[in-house]
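Features of the protein shown, as given by TrEMBL:
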type	residues	note
TRANSMEM	B:12-33	transmembrane segment
TRANSMEM	B:54-76	transmembrane segment
TRANSMEM	B:82-104	transmembrane segment
TRANSMEM	B:125-143	transmembrane segment
TRANSMEM	B:163-186	transmembrane segment
TRANSMEM	B:193-211	transmembrane segment
TRANSMEM	B:241-263	transmembrane segment
TRANSMEM	B:275-302	transmembrane segment
TRANSMEM	B:322-355	transmembrane segment
TRANSMEM	B:402-425	transmembrane segment
TRANSMEM	B:432-452	transmembrane segment
TRANSMEM	B:472-490	transmembrane segment
Amino acid sequence: MVDKISEKDIVNDKEFKSLISKRNSIAVTLSIVELLLYFGFITLVAYNKPYLGKTISPTSDTTIGIPIAIGVIILSVIMGGIYAYWANTSYDASIKKIIERMEVE
Amino acid sequence: MAAETMLGQPNPLAISFFILFVLSTIGITYWAAKKVKGTKEFYAAGRSITGFQNGLAMSGDYMSAASFLGIAGLVATCGYDGLLYSVGWLVGWPIILFLIAEPLRNLGKYTYIDAVAYRLKLRPVKLVAGISSLVTVLFYLIAQMVGAGTLVQLVFGLPYESAIILVGILMVVYVLFGGMVATTWVQIIKAGLLLGGATVLVFMTLWHFGFSYGAMFSEATAQYGHSFLVPGSLITSPLDAFSLALALMFGTAGLPHILMRFFTVPDAKEARKSVFYATGFIGYFYILTVTIGFGAATLVGRSMVMSVDKGGNMAGPLLAEFLGGGVFLGFICAVAFATILAVVAGLTVSGASAISHDLYVGFMKNGVSDEKKEVRIAKIATLALGIVAIILGFLFKGQNVAFMVGLAFAIAASANFPALIMSLLWKKFTTAGAVASMITGLVLAVVLIFLSPTIWVDVLGNPTAIFPLKNVAIVSMTSSFAVGIIVSLAKKEEDAQRIYDAIIPRRYLGRGAE
């Protein structure tokens, strides 16, 4: 089905172009968030060990550093899930729509 | 507290579990051998693996002995510092998903180097990237082989040399006869065993503490003090911390055997799914290993763990023995060995493809070869890698090879990752830029690690290191990017830019992707 339309038509299509740039900006934004998340954690490790060493409550021995580290892991998985879900449903569907519309034209 | 351990004596249960694993994987290899006809099957399992299966296989490829035994051991001996590795080894995965997965899957054929070379001149890129890929795989392989030899010695009572030969033969059998098809299923089974085994181990540990992490951390604080739960001695300077972080995060995105798995799924959609599942499995697994580490520190005791193995690598097995006796010890040891076996099989497929697909067909034959011959070369390369792995295993007997996994990650982050990401995302990237960047990253990573405290002081016994940091990526990776950018900007490559635009439909829609 895809092969009926020339590659040039797709590349020059306005809707396709804006979808691609939307995809790229989402991917870049998420990457930046991930980098901030991780290097924020590393910055604490490098410069503020006492903060990571505070306990989560006066009665507990657990340090703040532990939920923060586990939190980075869990947030990373969740962000990956959000992207994969968005790309595999909304993004792929929009691409399909554009191709179908161009076929009709 | 466990006063003694059965580790060190032959454990019949471990041996039985292990034989069962070997027999079932050999069975799979026999089944796979009938399917492996050409390069598509040998390198990419016929692109017939689903996203979920590939996610499991990727996590199987990634969860090496260094992460299972190593992180648990590091946590058991150093406490919080072990968490830095579990976090660092996970955060590269979302980056792979956001920036690399789709274009890599759509532009490449069998190896990540295909995607790097796609719009550049084939021969120089294939030559340099092929060598750097092979070097990454070899350092990783040495660490796994030595780990396997030591583990088998401890667990099965077999001599080190026979263990190395056994691992060498098995990995060659899987890859030679079953190619990527067998390797994928070995990874999937191993990932299932490892995740299952670690889950049971954590369940039993938490049972012991009334399912309260707080209680476990209180016990750890009572035994080792507050500092056990705070980042400590592993990170000596802020620069070293950032340097380690760079290598862990971006090294993941430059490991040839992981990137190769993207070509076993049919399209970009399944590739995205694979990375998401892999991230989930690996994240879950790292939370387990950290728990195992703290469990071993509190229940088995740090001194006991270190008396069996100074590096703490036996923390997991010792905890299993404490909680579940000889049966559980045997099972966990067999799982650990299966882990190593699966990882070396993945490394072998990847190393063989670097030799046959990148260096032989790409560089020597300028990309043109008949399929039968290419598979034959790949099989010869597999055999050769098996022999080299055994020899290296012998040579490094008794050496502290923990730094080699670090070195593999440093090279992957410095030589493989910058060229890959720039070729995928930056229009003005050129062949000369790619070659210069890869050579810079590879040479700097290897030379600086040699001059760093890790080898210069700890291995060679010199009083002070010439290069002050333990982790080199902050210099080698940034230099690799800088050189790649400067050289690319110095001289324009019209063809590379023209092809970058021409492949937009392939890159985003998978049009004409293989």
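For all residues, glycine too, the Cβ spot is worked out from N, Cα and C.
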Could you name the stretch, out of B:163-186, B:322-355, B:432-452, B:472-490, with the greatest number of CB pairs under 8 A to the transmembrane segment (B:125-143)? B:322-355
Taking residues 6+ outside the transmembrane segment (B:54-76), which of them lie with a CB under 8 Å of any CB in it? 82-83, 85-86, 89, 140, 143-144, 147-148, 151, 184, 186-188, 190-192, 194-195, 198, 234, 252, 255, 257-258, 261, 264-265, 270-271, 273-278, 280-282, 285-286, 289-290, 292-294, 296-297, 300, 302, 305, 309, 311-317, 319, 336, 339-340, 342-343, 346, 402, 405
Outside the transmembrane segment (B:82-104), at least 6 residues beyond either end, the same-chain residues with a Cβ under 8 Å of its Cβ set are 62, 67, 70-76, 112, 115, 231, 234-235, 241, 244-245, 248-253, 259, 262, 268, 271-272, 274-276, 278-279, 282-283, 286-287, 289-290, 293, 420-421, 424-425, 507-508
Ranking B:402-425, B:432-452, B:472-490 by the number of C-beta pairs under 8 Å to the transmembrane segment (B:241-263), which range is first? B:402-425
Can you name the far-off residues of the same chain, 6+ from the ends of the transmembrane segment (B:163-186), with a Cβ under 8 Å from a Cβ of it? 22, 25-26, 28-30, 32-33, 35-36, 41-46, 49, 53-54, 57, 60, 145, 148-149, 151-153, 156, 260-261, 264, 340-342, 344-346, 348-349, 352, 378-379, 382-383, 385-387, 389-390, 393-394
